[in-house]
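Per TrEMBL, the feature domain 'G-protein coupled receptors family 1 profile' maps to 43-303. Taken from TrEMBL, the feature transmembrane segment covers 31-57, 69-90, 102-123, 144-167, 187-212, 252-273, 285-306.
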Amino acid sequence: SGSVMNRSERLSCPLGFGHYNAVDICILETVVIVLLTFLIIAGNLTVIFVFHCAPLLHHYTTSYFIQTMAYADLFVGVSCLVPTLSLLHYSTGVHESLTCQVFGYIISVLKSVSMACLACISVDRYLAITKPLSYNQLVTPCRLRICIILIWIYSGLIFLPSFFGWGKPGYHGDIFEWCATSWLTNAYFTGFIVCLLYAPAAFVICFTYFHIFKICRQHTKEINDRRARFPSHEVDAAGETGHSPDRRYAMVLFRITSVFYVLWLPYIIYFLLESSRVLENPALSFLTTWLAISNSFCNCVIYSLSNSVFRLGLRRLSETICSSC
């Protein structure tokens, strides 16, 4: 608390509603940011290690995108060390405006990678279900790697204009005072980001998952009709294979996507409102920002709870660590 009071002029405390409770609010912010930073780094390191220790996970082509998301989320946690160290320690001597710009740009690029990966995952599952015979020819490891490289390049380029004074890349809940007062959002740049990133990704995900579950529902209906007509062991076996792993795996990925947009929707709405100068609330800015960033940890939890192969790999990793200890 002493270090926070000594640097009260340099740091911005978004949740501070008055002079009396400013220090307590800053301490609360520090606890939230430190906790999220630790959980994001620990959770995504676990995912990365499990993928290396569980060869069965590599049978899914979406493992390329899941691992890319894990690395991007890990870098989000590492980037969050910047505000964490700023709140816990003294200034690093780096120019504040440059720190804000670089930090905001990196966070935005990394979350753009996650959003683009989720869209690519939905397309991958759509192809796996709609074109099962030609899927292996359409989706190859070489094409997946090229797609991931293009995702990183596109994400890096789309936020680059923010360095040339055209708006803010989208980071709110600012820790540094310069970010909160001098680096303002721009309605045109926000519209640019929405049209080239948020809206296309959301449209692709809604389109693909709608058709995925529509096709799965049709398959389930056909299987039930066959069981009603031919109640035999062979039909039951066919019914079991009809509920293919593709549908279950699509459900896991759909949960990850749904949680992503649930946590990011308040942030995107506030981003649009603030850019349009309709709403400007420091408390909402902080809460929506760190709610969105918390998604970097939620992906790990959902995947570990929903995927049996991942749980098996996690158990083997835990046994290896325990035996070595």
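Using the three backbone atoms N, Cα and C, a Cβ is placed for every residue, glycine included.
Distant neighbours of the transmembrane segment (144-167): 61, 64-65, 68, 101, 104-105, 108-110, 112-113, 116-117, 120, 184-186, 188-190, 192-193, 196-197, 275; these residues of the same chain sit at least 6 beyond its ends, with a Cβ under 8 Å from one of its Cβ atoms.
Confidence annotation: the domain 'G-protein coupled receptors family 1 profile' (43-303) carries a mean pLDDT of 79 in the model.
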